[in-house]
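Structure first, commentary second.
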Amino acid sequence: MKSVQFCFLFCCWRVICCKSCELTNITITVEKEECRFCMSINATWCAGYCYTRDLVYKDPARPNNQKTCTFKELVYETVKVPGCAHQADSLYTYPVATECHCGKCDSDSTDCTVQGLGPSYCSFSEMKE
């Protein structure tokens, strides 16, 4: 029986430790309206699980802040979008996470919706790799 308990605890520990909030590689789609097409690029962003809870009884004296895996530090990188008209600005600047943590989602700089457009959304039909 002790070996079963140990195995259960080990599996729980493994899930918590391995799926924590951390940097991960993602592919995002960038677009410039002036260029009329999209381009896929690789970037680093935060992904994983954070301990959170949703109270059954809402207490106004105790705010219910859900924690999410989000960036703690980020830098901006710039890529040149090919195929733009000569007068158009062909540079696209995007954020790249360098450090992650579990914290409150900042809606001023992050899409905090339950399901956003997603990193591969493109409003144009033509896609460049």
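Along the chain as shown, the residues are counted starting at 1.
For all residues, glycine too, the Cβ spot is worked out from N, Cα and C.
Record features, source Swiss-Prot:
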{"type": "SIGNAL", "residues": "1-18", "note": "signal peptide"}
{"type": "DISULFID", "residues": "Cys21-Cys69", "note": "disulfide bond"}
{"type": "CARBOHYD", "residues": "Asn25", "note": "N-linked glycosylation site"}
{"type": "DISULFID", "residues": "Cys35-Cys84", "note": "disulfide bond"}
{"type": "DISULFID", "residues": "Cys38-Cys122", "note": "disulfide bond"}
{"type": "CARBOHYD", "residues": "Asn42", "note": "N-linked glycosylation site"}
{"type": "DISULFID", "residues": "Cys46-Cys100", "note": "disulfide bond"}
{"type": "DISULFID", "residues": "Cys50-Cys102", "note": "disulfide bond"}
{"type": "DISULFID", "residues": "Cys105-Cys112", "note": "disulfide bond"}
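Annotated features taken from Swiss-Prot, shown on the structure.
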| residue | record | CB count, 10 Å |
| --- | --- | --- |
| Asn25 | N-linked glycosylation site | 9 |
| Cys35 | disulfide bond | 21 |
| Asn42 | N-linked glycosylation site | 9 |
| Cys46 | disulfide bond | 23 |
| Cys50 | disulfide bond | 17 |
| Cys69 | disulfide bond | 21 |
| Cys100 | disulfide bond | 23 |
| Cys102 | disulfide bond | 17 |
| Cys105 | disulfide bond | 16 |
| Cys122 | disulfide bond | 15 |
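In terms of local Cβ density within 10 Å, Cys84 ranks first among the disulfide-bonded residues Cys84, Cys112.
Here the C-alpha separation of Cys35 (disulfide bond) and Asn42 (N-linked glycosylation site) works out to 20 Å. Taking the Cα atom of each, Cys112 (disulfide bond) and Cys69 (disulfide bond) are about 11 angstrom apart. Checking each of the disulfide-bonded residues Cys38, Cys69, Cys122 against Cys84 (disulfide bond) by C-alpha distance, the shortest gap belongs to Cys38. In this structure the alpha carbons, written CA, of Cys69 (disulfide bond) and Asn42 (N-linked glycosylation site) are 19 Å apart. Using a 10 angstroms CA-CA radius around Asn25 (N-linked glycosylation site), the recorded positions that qualify from Asn42, Cys46, Cys100, Cys102, Cys105, Cys122 are Asn42, Cys46. Mapped onto three states, the DSSP output places Cys112 (disulfide bond) in coil.
Of all the disulfide-bonded residues given, namely Cys38, Cys105, Cys122, none has its Cα within 10 Å of the Cα of Cys46 (disulfide bond). Of the recorded residues, Cys122 (disulfide bond) and Asn42 (N-linked glycosylation site) place their C-alpha atoms 15 Å from one another. For Cys38 (disulfide bond), the count of additional Cβ atoms within 10 Å of its Cβ stands at 21 [all protein chains shown]. Note: Cys21 (disulfide bond) has non-local neighbours Cys46, Ala47, Gly48, Tyr49, Cys50, Cys69, Thr70, Cys100, His101, Cys102, i.e. same-chain residues 6+ apart with C-beta under 8 A of its own C-beta.
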